Structures are given as C-alpha cells and as structure tokens.
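J.: What Swiss-Prot records for this protein is below:
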- 1-19: signal peptide (SIGNAL)
- 178-250: disulfide bond (DISULFID)
- 257-275: disulfide bond (DISULFID)
- 300, 304, 315: Zn(2+) binding site (BINDING)
- 301: active site (ACT_SITE)
C-alpha cells in the first residue's frame, strides 16, 4: 500500500433474513426512469410513526455514493463512486431527514455518472438495505428499505455524454508523503488494523462458531474460510506501508469529507482517504465493544477495496444492530460486519521481542518495523 497526501488540503433483503415486528417502520423506495440513465427515487415512510434517519449514503446525499445497484445480464455493473464510513453520534442536522407517516421525498440522480453504461442495452436497477435512525443525533437503530426492480433500455451515446462524478487524480502533481502527527496516527492505525485483522482471521477460521454465527449468520466452512481469507488479505495490505495494492491518502483528495464522514474508499481506483475527524474524533483503539476507532475504520475501508480482496464489500448496514440483522449473503459482503467482528476479537499480546523493538522505534514515518 502506498501512503500519500495532497499537498493542499440483492434483492433478497427480507427473505429469510429478518424477523421484524409487523409494526416496524419501513421505507418503500419507488424507482422510475426520468430520461435514459436519469432515475428518480421516491422514498415513503410506510410506518405509523415519524422517523428521523441518516440520509448520507442514501437518497438525498449529494456525494457520488451507491444509491442503487445496476445489473446487466444478472452481473452487477461496477460502481465508480465512493463508499464512506460515517459517525454514529454527534451527527450534524444537515445529515438527517425526518419523515412523518405516509410522507415522501424525491431524489433524482444519473446512474451513468457512477457506472460505465456506454455499452448501452438493458440494465436492471434495484436497491435494498438499512438506513440508520437517530435519537438526539446519535444512531439508535435502523430502518429497512427496499425498492421495486426497474428495467431500462440505455442509449449508449447519451450515457457516454454523462460526465463522470469522479475524475482520476493527476498523480504527477500535488502529491507528497504523509508527515507529522497524521503520519504517526495512520502508521499506528495500520499496525493496529493488521493485528486486529490477523486475530479476526484466526477467530473466523477456528474460533467460536457461536460468535461467528452472531455476526455472519452461518457457520458453514466455506463462509468461515472466505471471511478468514479477507481478513488475512487486509492484514497483509495494512502491514505493507510502502507498497501494496491500494493508495492511502492522509487527507481528502476529492473533497468528499464533511463533518460526518470519517473516511471513504474509491473502489474503482483502490484509493482510501481519511477525513479530518478520523484524527480529531476517533481514538487509536477503542476499549468499548462495537465502538468506532481509527484501526477498525481503516480495516472497514480496506474491505471495500477489490484489489485487497475481491469482490470488495458494500455498505448494507452500519452498526451492530443493523449489521447483525442482515442475511448471511449480505453479512459476507458488508464492510461494517468485518469491522465489528474484528473489534470484538482482541489480538494476542505481542511477544517481548516485538515490544522491545516498538520501544526503540522513534520513526514517525513509514519505514518497516524491524
């Protein structure tokens, strides 16, 4: 993994997955075609109670996030936008939407801005997942959502004319090495992420089956092997601070950080970026179960990158309650499920020799440990 910094600043969600009470609020999403690849989503609160939820990583988010999944001949079209990890408390008011019972809101977006649809032809669009609900600007639960399946015929020429939401960076300019306190913090986070991922890999492959079932909703050997393999791949990537398969920015190269975003990944470029609150808000390692910290945030972002382990994960759910309500197939591809499992898997104590070298290490840069 190369560490750099800018010099200037699915459809089966419900089937067999959930045992929700009949009166549980839900969001119904109706997708319609506006013009070619431009889509309108109408989101309705079908419950009997007012709900306040986080609309970031959802409809009404102005950033190029994954609002829907696109399929051509049953194969998902690669998403070229960003996937980001959000705060779970202290959220700003502009990150929240409140819907009364029966109320709706609409969001229009162009799917060709975050996917290559220049081939044209038939594309199927759908979405499902969970949206975090909040109390006093803190995530307190989740609300499920699901859409209709929309089939559109894409005009290839029109799709090609849609500007891409994210332009590739010119890596020849405005790029320098991490330095100072952020370099030190990220170096520590990478070491901790590698340690947590290694411990989680062992727990996934040969640890408690009850605990694995809690997070991944199955104890099948194939799933345990897949989860362990992804954790080992994350540990390997986090252990290499001067080379690797991803590029890690200490700050935001694209301008998609805000007061609610800890970090984000651009899977199509295997690029990860930390936001300001990654450093100011998160501890290096939390002592609380299922809480956020720098190490598990970095681990979460690594799971999104397909070059680390393919396919990269999605964000079907955030937090323990929502993540443990997923189906087995969704949990296997949910980034926060990996972060939560790793958070609850304490790494083995380091050997005395390792501690000795750490005490002697005064380098704040990115040279390898002895």
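From the backbone N, Cα and C atoms, a Cβ is placed for every residue, glycine too.
Relative to the rest of the structure, where do these features sit?
T.: Residue 250 (disulfide bond) falls within neither a helix nor a strand when secondary structure is assigned with DSSP, and so counts as coil. Cβ-based neighbour count (10 Å, all protein chains) for residue 250 (disulfide bond) stands at 23.
The number of other CB atoms found within 10 A of the CB of residue 275 (disulfide bond), across every protein chain shown, is 23.
Listed in sequence order, the residues of the same chain lying 6 or more apart from residue 315 (Zn(2+) binding site) and placing their CB within less than 8 Å of its CB are 57, 66, 83, 129, 334, 335, 336.
For residue 301 (active site), the same-chain residues lying six or more positions away in sequence with a CB closer than 8 A to its CB are 85, 263, 264, 265, 272, 335.
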J.: Sort out the sequence-distant neighbours of residue 300 (Zn(2+) binding site) for me: same chain, 6+ apart, CB within less than 8 Å of its CB, listed by position.
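T.: When sequence neighbours closer than 6 are ignored, residue 300 (Zn(2+) binding site) has 85, 263, 335, 336, 338, 339 within Cβ distance under 8 Å.
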J.: Using the Cβ center of 300, 304, 315 as the Zn(2+) site position, which other residues in that chain lie within 8 Å, going by their Cβ?
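T.: Near the Zn(2+) site, beyond 300, 304, 315, sit 83, 84, 85, 265, 301, 303, 313, 314, 335, 336, 339.
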J.: Can you name the recorded positions among 257, 275, 304 whose CA is within 10 A of the CA of residue 250 (disulfide bond)?
T.: 275
J.: Rounded to an integer, what is the Cα-Cα distance in Å between residue 275 (disulfide bond) and residue 178 (disulfide bond)?
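T.: If we compare the Cα positions of residue 275 (disulfide bond) and residue 178 (disulfide bond), the gap is 14 Å.
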